[in-house]
Amino acid sequence: MKKFRKVLDGLTTSSPVNPGGSPSCGSAAGTPSTAPTPRELEIQETLMSEHFQICKTVRHGFPYQPTALAFDPVQKILAIGTRSGGVRLLGRPGVDCHCQHESGAAVLQLQFLINEGALVTACADDTLHLWNLRQRRPAILHSLKFNRERITFCHLPFQSKWLYVGTERGNTHIVNIESFILSGYVIMWNKAIELSTKTHPGPVVHLSDSPKDEGKLLIGFESGTIVMWDLRAKRADFRIYYDEAIHSVSWHHEGRQFMCSHSDGSLSMWNLRNTAKPFQVTFPHGKTQRDGRKESCKPILKVEYKTSRNSEAFVIFSGGLSYDKAGRRPTLTIMHGKAIIVLEMDYPIVDFLVLCETPYLNEVQEPYAVAVLLEKDFLVVDLTQSNFPIFENPYPMDIHESPVTCTAYFADCPPDIIPVLYSIGAKHKKTGYSHKEWPLSGGTWTVGSQTYPEIIITGHADGSIKFWDATAITLQMLYKLKTSKVFEKPKSGDVGRSAELVEEDPYAIQMISWCPQSRIFCVVGISAHVILYCFSKHDANTTITSLVVRLQCEMEDVISPSDTENTPCFSDPSGLSPQPQPPSPRSNTPDSVRDSNPCLKVKDRMIRMPPGYQAELVVQLLWVDGEPPQQITSLDLNSAYGLLALGNCNGLAVVDYLQKTVLLCMSTLELYGSADPFQRLTRSPRKNRQSTSDFCMRGLSNFYSDSKKRIRTSYQSLTELSDNQVSLDLERSKSPTSDHVNGHCTSPTSQPCPTGRARVPGGPEGPRLARRGPGRPPFRKAQSAACMEVSLPVSSLTEESRENSFSRSRSSSVSSIDRETKEAVTTLQFAESYGRKSDTLPTPCLWVGTSLGLVLIIPMSIPTDEQERQEDPVTVAPTGTVLMLKASVLRFAFLDCGGALINSPYEVWRDQHAPDDPDRPRKRKLVNFSPSSSQEASGDGHLAVVCSERQAKVFFMPSQACLYVHNITESSFVLRADVVSVCNSVCLACFCANGHIMTLRYNLTGSVNRD
């Protein structure tokens, strides 16, 4: 269900922040702002709510939890049904359509109306649906509900208007396919079997018409009973009673014999001339034991019996292996003459179909391929070649070959990047596929009107990276990169290391940053490491540079708002020089051996790197005082500056990847200096902490289960502040983690907490509160603001300080180690901006957003000459400039005074390992988008759009005055946000935790709600 609504309280209609009111940080306390008003900017708005709508275009990847398979041999289209009621239609590469039953009931069976552009689906809610596939968007024409019986099997003969439906009670109903109503002809189970038989034959498991006479219907019951029913005479021609349960039946094309598969792993052949007993019974995988008996085998779930003119018949079945070996992989067996070929599968087989040249059952079938549907894969086997190779699948079925842990989408990429990635990736493709064309060749498709290149990058749990071409409807893999090759394989002698790597994913990807213009690529791994790659068309022998960073907070960041109601924004950097912190007492645990060491070891020898992305630099965070490094929560790189910035819950680090040096490594507290808007307590001496060897390299098992619970309620509903400090403390004592609402866990880090009892570090859950533990998901931000402890004076709190300040019970039994809290760096962005109010020209800056809703601007001095850039140091000097929002900061964007989006500067790509050309020396070519470049006069300033989980603000730079403010949501929070260009204008797009997609512009807010 989709609906569209208008919200008329957009950014322009929101009142500009009063400089003397709540802490906008637009100016010093009591000083009016001289920033231009919204009217003076004269930004021409062209976006209207009518320009926005949600439309599903295509669904990529393997169908989740598949249940059924069908094939149209004339149109050569294949359909896959799923447990959630979805139907996937696949044809030639590019033909890929997804349909969904509104009921969401599982699809039990699919039947094509061959060569008619229609499909029948039987669902678990005992409803039949007739789909029309001849229109642009397939739709249901008719539905038929069975109220008293459960559907178990359906059969639709070729060019027939009658659909046969078997039920759990053993009855067979006949549906007119044109009117889609019951015909009234019912084959009752007690009439199908002999009257003398008193036992129920079981559900109908098979229905098929005789190839020799379409007026004869073969009915197979689960118990082993088979009945040939004469539809005209309304009586049974013959009945077969077999002592083994039947799973499937397959006819010979002449209609004189058929084959059955049974639950004991046997295949029985029956001749219509003598139905008293089978003329052949075989156990394909059953060996004869010493006593002469066949060993027990698993059931053969399905069998297909197909004939060929130029060779012997094919018998293809799934299952039937013996029970002698445990843990054997699922198999598909192909019996061709005397040869028996067993194909092992990676996943259990859901269904398979033999693809034949003709749709007529009474003709020689001439099978040419087998389509095999697995639980997590789909493949097609070529039957025309003796070694039975598989076809190369043109659909992106292997997206989740290793679980996807992060994704990134890039539009308007340089036009040459896709052909380059494809040419490099083609050299590393697997071989051994069938040389024939993909057998599913049905359907037609046309390229849409969009022509801009689109690329999707996926990061995976095994440390691999995949680049996908998403320009057209189809999704095609371009290039695959394995980040694990940068590191040494762990040795058994490493202290505590080998035990941690067992059943873990130390290389799992958390974040991706890519500059398509310079082709600089950067990834963040779960082991607190960053790898920077450069692209080259030539192979190279090089050594990977490794840098280590010590990001460890040495202050107890217990926070309280300052007494000043209006938090000023200082520009005095005098108190911001980093002070050396005294070393903390070293923990006397085995993990102290790992101090000052990273989690993984980078290869320190010369490595040959093939063409493509080649590792240049690895930055790793260190163990400190027996504690593993906190995971990295934010990342940004800029190729024009040659800088890389990363942050976590302890602080910020800036790396010069051109000179391979660390420029800045400071805690968040040190970045504020005297401009810190909060009061923080000094850390008490460290106590000996528990061993953390089992906490360093955590796998993804918790992540996959906890990721479903990441959609938590908003910070406001989690922390309803009361004016009464006593009631506030009592409420916090009931929920020390601030993540329990009405007795329900709302945060992935919450642990069950008995009502009325505060946790203490000495209790059974104390250590988990004091440090990272296995109960926390590995891909979570280092510290949620909802879990942070603060000291709240009850005196007049403004709304923003209420939103950014939380409290919980501070019982005397709770030590300072339990009250540990950290302000995480949640977002970073390099840009040409103004670091101080007095600046007249934009300079390179780093914008830093934190989990407490604060924004810091750090200007930098970067040499402009190429030679000086390689030799002279880059100066990074925090100024103390602080802006404030509600909740955790998510995104920055910059607009000129005309409302146009300002892109970040970048370096044009150059191949570092290309052969030297004396006539064309390789020099850095920079493309700069200065805020003043689009203005008539230099120094007019620009707009900075800052979006948090709850709020969006627009600041005018360099005055830092807040022009607009908009509260995006009160009942939820924003998961992702970005400022994007739409119809020659820009808008702020937000995806909220409640499933709403909201688009904001200056004077109108449009939101698309998805329920």
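Cβ atoms are placed via backbone N, Cα and C, with glycine included.
Computed from a predicted structure; not experimentally measured.
The region 'Disordered' annotation in TrEMBL covers 1-37 (among others).
The annotation compositional bias 'Low complexity' is assigned in TrEMBL to 19-33.
Taken from TrEMBL, the feature repeat 'WD' covers 239-274. Remote same-chain residues near the repeat 'WD' (239-274) are listed as 192-194, 205-206, 208, 210-213, 218, 220-228, 280-286, 296-305, 307, 313, 315, 317, 319-322, 361-365 (criterion: CB distance under 8 Å, separation of at least six residues from the stretch ends).
Residues or ranges marked as domain 'Lethal giant larvae homologue 2' in TrEMBL: 282-389.
Per TrEMBL, the feature region 'Disordered' maps to 562-596 (among others).
According to TrEMBL, the feature region 'Disordered' maps to 726-785 (among others).
Sequence annotations record features per position, and here TrEMBL assigns compositional bias 'Polar residues' to 735-753.
Taken from TrEMBL, the feature region 'Disordered' covers 912-939 (among others).
DSSP labels the residues of the domain 'Lethal giant larvae homologue 2' (282-389) in these numbers: 0 helix, 51 strand, 57 coil. Secondary structure of the repeat 'WD' (239-274) per DSSP (helix as H, G, I; strand as E, B; remaining residues coil): 0 helix, 21 strand, 15 coil. Per-residue pLDDT, averaged over the domain 'Lethal giant larvae homologue 2' (282-389), rounds to 90.
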